[in-house]
Amino acid sequence: MPSNKSVSDAPIVQFTNCRILRDHQLQREDLWVREGKILNPEKLFFDEKGSADVQLDCKDSIIAPGFIDVQINGGFGVDFSLATDDFKSGIDLVSQKILSHGVTSFCPTLVTSPPSVYHQVLPQITVRNGGAHGAGILGAHLEGPFISKEKKGAHPEHCLRTFEAGAFQDLLATYGSLDCVRIVTLAPEMRRSSEVIQELTKRGICVSLGHSVANLSQAEEAVQHGATFITHLFNAMLPFHHRDPGIVGLLTSDKIPAGRRVFYGMISDGIHTNPAALRIAHRAHPKGLVLVTDAIAGMGLAPGRHTLGQQVVEIDGLNTYIAGTKTLSGSVATMDTCVRHFQEATGCSVETALEAASLHPAQLLGIEHKKGTLNYDSDADFLMLNDNLYVQATYIAGEEVWQQDASGM
């Protein structure tokens with residue numbers, strides 16, 4: 001006789017009365033969770049003869065995968081590009097605070113810095129799972145210093161570097177270690193960049209093209225050598241030109257290797273990219289769009305002066321500039337705000353907007369088998385949202401780690 005004993009004694013939680021984002025559609029079904037994973041209810045009923053230990057009424061909420069931010073420079077007064085003795089407590093604070101904005105995993109991002117900063121900061125970044133302590137850390141995103149002087153944006157010119165002979169060794173010496181590095185942004189027109197792209201890709205590190213004056217053929221060559229991402233499309237690159245569309249042309253290039261997809265980051269804050277440009281990119285290549293905040297230390301703080309690595313920046317409303325200039329320097333938008341603005345600006349479906357902040361970044365990093373979806377056996381990192389895409393609760397590994405208080409939206 002088959003026993004009613006479940007395969008596992010761990011409690012099973014059934015989330016009812018909800019619409020789950022699965023297979024690109026909001027589906028009216030229940031979500032089952034056990035031991036931090038999404039459970040297949042059919043297996044539970046038929047193989048284990050099991051049932052839920054706890055039922056939670058979601059009151060018609062949307063349940064979507066947790067957001068993944070692959071470009072965030074800091075927030076709430078913390079700057080990831082500043083080498084401080086209490087760096088760990090700073091990264092802990094940011095990972096805790098972004099839970100309320102639906103981010104369950106992120107890549108702390110360092111802008112162009114002197115080698116001493118990388119050597120001090122990178123050993124203090126540890127890849128770790130999320131939980132009540134905060135969002136999970138997927139590895140660092142190093143944006144620079146191997147970028148173009150002409151398109152440096154808010155990056156300090158005196159710290160920029162080119163690849164010398166023995167280019168990859170040069171990069172290693174600059175960063176000190178690649179142990180916790182997940183993404184490197186570089187300018188592909190630099191001499192010797194091809195060998196660097198190949199070496200990084202070989203090590204499972206995602207190469208992103210940005211802060212660059214590359215033409216389209218240089219960008220295509222970089223992709224053929226393994227690059228898969230574009231850092232904040234349109235920002236800090238040559239503007240689109242019909243005879244040579246530059247990096248932007250990768251969105252519709254016919255020279256992308258078969259079976260490969262180029263992804264591109266967009267800062268959908270209403271400041272960095274005009275809504276029309278957002279619509280053009282989305283319509284040209286919807287499956288590659290990855291929402292990023294590019295948030296700086298001033299996110300979550302009052303207007304005024306803050307830092308971005310070696311630079312002082314001024315926040316005026318949603319605008320952030322290098323102090324005394326009109327050079328944009330990162331954003332103060334939160335991920336949930338970017339998702340709402342993207343949906344409003346493009347008129348895309350709710351499903352599309354949510355996947356741009358969850359499924360697509362997971363696919364970019366090659367972790368879509370465990371994050372970015374609500375498929376069976378994937379990590380139970382998910383959000384409850386209302387119809388206007390405001391986050392009501394955040395869950396990591398099936399545990400509630402943040403909840404909107406009753407006075408909230």
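For all residues, glycine too, the Cβ spot is worked out from N, Cα and C.
TrEMBL annotations: computationally assigned, not manually curated.
Listed in TrEMBL for this protein:
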ACT_SITE  ASP294  active site, proton donor/acceptor
BINDING   GLU143, HIS211, HIS232  Zn(2+) binding site
BINDING   ALA154, ASN235, ALA236, ARG243, HIS272, LEU328, SER329, GLY330  substrate binding site
DOMAIN    62-401  domain 'Amidohydrolase-related'
Among GLU143, HIS211, ASP294, i.e. the recorded positions, the one with its Cα nearest that of ALA236 (substrate binding site) is HIS211
Within 10 Å of HIS232 (Zn(2+) binding site) (Cα basis), scanning recorded positions ALA154, HIS272, ASP294, SER329, I find HIS272, ASP294
Within the same chain, the residues at least 6 apart in sequence whose Cβ is under 8 angstroms from that of HIS211 (Zn(2+) binding site) are GLU143, GLY144, ILE147, SER148, LYS151, LYS152, GLY153, HIS155, THR185, ALA187, THR231, ALA236, MET237
One residue among the binding-site residues HIS232, ARG243, HIS272 has the fewest other C-beta atoms within 10 A of its C-beta, namely ARG243
Among ALA154, ASN235, ALA236, ARG243, HIS272, LEU328, SER329, GLY330, which the record lists as binding substrate, the farthest-apart pair of C-alpha atoms sits at a distance in angstrom of 30
Using a 10 Å radius on the Cβ of the residue listed as 'active site, proton donor/acceptor', the other Cβ atoms enclosed count 29
Within 8 Å of the Cβ centroid of GLU143, HIS211, HIS232, the other same-chain residues by Cβ around the recorded Zn(2+) site are GLN71, VAL111, GLY144, ILE147, GLY153, HIS155, THR185, SER208, GLY210, THR231, ASN235, ALA236, ASP294
Whole-number Å distance separating the Cα atoms of HIS272 (substrate binding site) and ASP294 (active site, proton donor/acceptor) is 10
